[in-house]
Amino acid sequence: MANPESKPRPPRGLQKLFVPGVCILIAFLGYFSQWLFQTSPDLLPGLLTTRESVVFNLLLVSLWYTYYKACTVDPGRYTFPPSSFSPPSTTTRWCKKCSAPKPPRAHHCRHCGRCIPRMDHHCPWTSNCVSMQTFPYFLRFLVYTNLSLWTLLYFIHQRLSFVWSDRHLPAYLGPTLSHLITLALLSLLTLGTSLALGLLLYTTARGWVLNSTMIEDWEIERHEAVLSRRDDDNSSHFWDSGADGSSVQAQLQIEGVEFPYDIGVFANMAQSMGSRNPLVWFLPFAGGPVIGSSPPGKGPGWEWEENGFNDRTGMWPPPDPDKLRRARVGWPGAAARVTADEDAARRGRETPEETLAGFARRQEADLRRRVVGRPQPSPSWREREEEENMFAELEELTEVSRRRVGGAEWEGRPAWTNSEGDSLWDYGVDEDAELPEPPIRPQQHGGGNDIDDDDEEDNIPIAELIRRRKKQT
């Protein structure tokens, strides 16, 4: 039985143009350049030789095929037995969107709408996930793309060298002005594309050798940041306090965890390519690894060899204090979704007059911060969350208002980003599918349900709700 999946999100806006744009770029650089060389004999050394033309076009054929495979190969899907579709209390990796267990190294892709095995990132240029099953094709595509670009740069360099050496000759003895402008534009476009894809090839090859994905590199950097903050007593910590001001780190003993999937250079490379024969790794028509299906839950994609550097297996990824902080109040917008116990305790501690007085103080402080011409520090997250809790209590909100941070919309605090400013969202990961959310325990009072009672109050005016609460106190 296949696991239930959320519906894949179709490409929107400019995303629909990425794959056609790549095809146009390949065709322009690969074939327009040959047309230019063939129709401009004044661009010395002249026409491409037969050998040069054959080699270049073979590289283009390999490029086209590997790009087609990188775009069309299924990134993988998990098939679980029916007994797996209930979240056991001992399961630490559970996908809320698929309602199924999340195997090691898998992540829920917000574009593909399902959990992807060994997800590296969702590539917009292939409109597909780079995963355990698609990584070999993606790597071969980058290899043949860079080889083709380097070959084209060699052809362009030859012709620019002759143009430079003949710069003192009369203009009528050299190429026309239009050919020179076209060659200059072609060289700039080829050089820029080569630099960008060369950098992508380097980062991909580095992950291949170290057996790490872009997402896992992000997790490694985040874990190092957590450890450095843990050891720095004088530093204010992003994860120091939860929405209620309590310390998240006090509830979690953070210990160093080594990345467990680096099992040796050759073993890493063989595992990623699905073969221990290096001769077939870069063949354009070679295959790749496939998720094990018999028996379910065993084999490639389900189990991953570890290097034994940690005390036990299954310690990766290490605990994320940011997720634990959000899990204490739920996510998203859980400041308004307090349990019945917490709501009753808060009502017992504060009178309506005290609640309104506290809100007035926060409102006055906010007005002082907004004085024109006097920039003031922004309110702390604690103050903002207290104010949102107040609005949630009065208006029975089901979600905390969205904030705009850096031009983008976030719910609650902005997620942690690495040194390049990337969050898991930028890699295509659906973070909501991976956030632990504590259950809300309904309590019965006179045969009723507090949560149901709250739902019934959604359409009651705020003034009436305040009057009822005054009457209760």
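Including glycine, each Cβ sits where the backbone N, Cα and C put it.
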Of the residue ranges 279-306, 307-334, 335-362, which one carries the region 'Disordered' annotation in TrEMBL? 335-362
Contact set of the transmembrane segment (137-157) with the rest of its chain, CB cutoff 8 A exclusive, min separation 6+ beyond the ends, reads 29-30, 33, 37, 48, 52, 55-56, 59-60, 62-63, 66-67, 69-70, 73, 123, 126, 130, 183, 186-187, 190-191, 193-194, 197-198, 200-201, 204-205, 208, 272-273, 282, 284, 286, 288
Within the chain of C123 (active site, S-palmitoyl cysteine intermediate), which residues six or more apart in sequence place their C-beta under 8 angstroms from its C-beta? A70, C129, V130, F138
Quick one: DSSP breakdown of the domain 'Palmitoyltransferase DHHC' (91-219) into helix, strand and coil? 74 helix, 16 strand, 39 coil
